[in-house]
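Q: Have a look at this one before I ask anything.
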Amino acid sequence: MSATARQTAPMPVDIKSRKGGEPIVSLTAYTTPMAQMMDAHCDIVLVGDSLGMVLHGLPSTLEVTMEMMILHGRAVSRGLSRAMMVIDMPFGSYEQSPEQAFESAARLMRETGAGAVKLEGGQHMAQTIEFLVQRGIPVMAHIGLTPQSINTLGGYKVQGRGPQAEVLMQDAKAVAAAGAFSVVLEKTPQGLSDEITASIDIPTIGIGASAGCDGQILVVDDMLGLFTAFKAKFVKRYAELGDLGAAAIAAYAADVRARRFPAPEHVFADAEPKANTKR
């Protein structure tokens, strides 16, 4: 087992208790094999609505549906035994009212086995977060760049510079006070991210924020080089699996066209092989 491997699955209360301690490791997953690969090394595996873009070729996360989240959530759940699974609430499934949010969150958790839900928004979503937590649904909050709000934010811009910094600080304090067990800070300035981390009593999970956050998360297809439509500044590529995969497919195509594949070791003889009678 790798030196980074863990032994037991954390609960939301365990994640919250990690505030100021060992950094929390998080990645997104959308399939069973990928979940199995990261299970021993991640504290949190997020079934992110980013699946709409990286798996389904959609232009944004806005087109992602509950049915898509449930399908992929079930797949990821089957691949996990150690990491805690958190699932994104898709656009339109929680914004209308706390009651709508509860119905959607309960369905997501019931049908996927997720340990918590993640929703976007700060002060304006605090009432909804509190409503969910009071009814037994753990919530990971998400502030800063919130991809479901790109049409009102004006695109994928850094959030929290200038006067907006105080707004984000108040967002963080509001979701913490409402009962969120952690909060994602996306594409927020380093200094502000550190100030928020020091100002609230729940872990901050950074993505394009600061190494000083209580944990980090990346989209797995970004860090493995599988999603190549664009590369965000905050992404570190730990592998170039897209290039490796393309090269492997090209080699396979060449072998098929040259009749090198299947080779003798890949096919079956007409007669049954003789049993080995040697003792």
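Yeah, the Cβs are placed from backbone N, Cα and C, and that goes for glycine too.
From Swiss-Prot, for reference:
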- Glu186: active site, proton acceptor (ACT_SITE)
- Asp49, Ser50, Asp88, Lys118: 3-methyl-2-oxobutanoate binding site (BINDING)
- Asp49, Asp88, Glu120: Mg(2+) binding site (BINDING)
Q: Count the Cβ atoms, other than its own, that fall within 10 Å of the Cβ of Glu120 (Mg(2+) binding site), considering every protein chain shown.
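A: Result for Glu120 (Mg(2+) binding site): 23 neighbouring Cβ atoms inside 10 Å.
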Q: Show me the subset of Asp49, Ser50, Asp88 whose Cα is within 10 Å of Glu120 (Mg(2+) binding site); these are the binding-site residues I mean.
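A: Cα filter at 10 Å returns Asp88.
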Q: Of all the Cα pairs drawn from Asp49, Ser50, Asp88, Lys118, the residues the record ties to 3-methyl-2-oxobutanoate, which distance is largest, in Å?
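A: That value is 13 Å for the farthest Cα pair.
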Q: Do me a favour and check the Cα-Cα span between Ser50 (3-methyl-2-oxobutanoate binding site) and Glu186 (active site, proton acceptor); whole Å is fine.
A: 13
Q: Between Glu186 (active site, proton acceptor) and Asp49 (3-methyl-2-oxobutanoate binding site), what is the CA-CA distance rounded to a whole number of Å?
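A: A Cα-Cα distance of 14 Å.
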Q: Measure the Cβ-based neighbour count of Asp88 (3-methyl-2-oxobutanoate binding site), defined as the other Cβ atoms within 10 Å of its Cβ.
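A: So the Cβ neighbour count for Asp88 (3-methyl-2-oxobutanoate binding site) comes to 29.
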Q: With the cut-off set at 10 Å between Cβ atoms, which of these recorded positions ends up with the most neighbours? Options: Asp49, Ser50, Lys118, Glu186.
A: Asp49
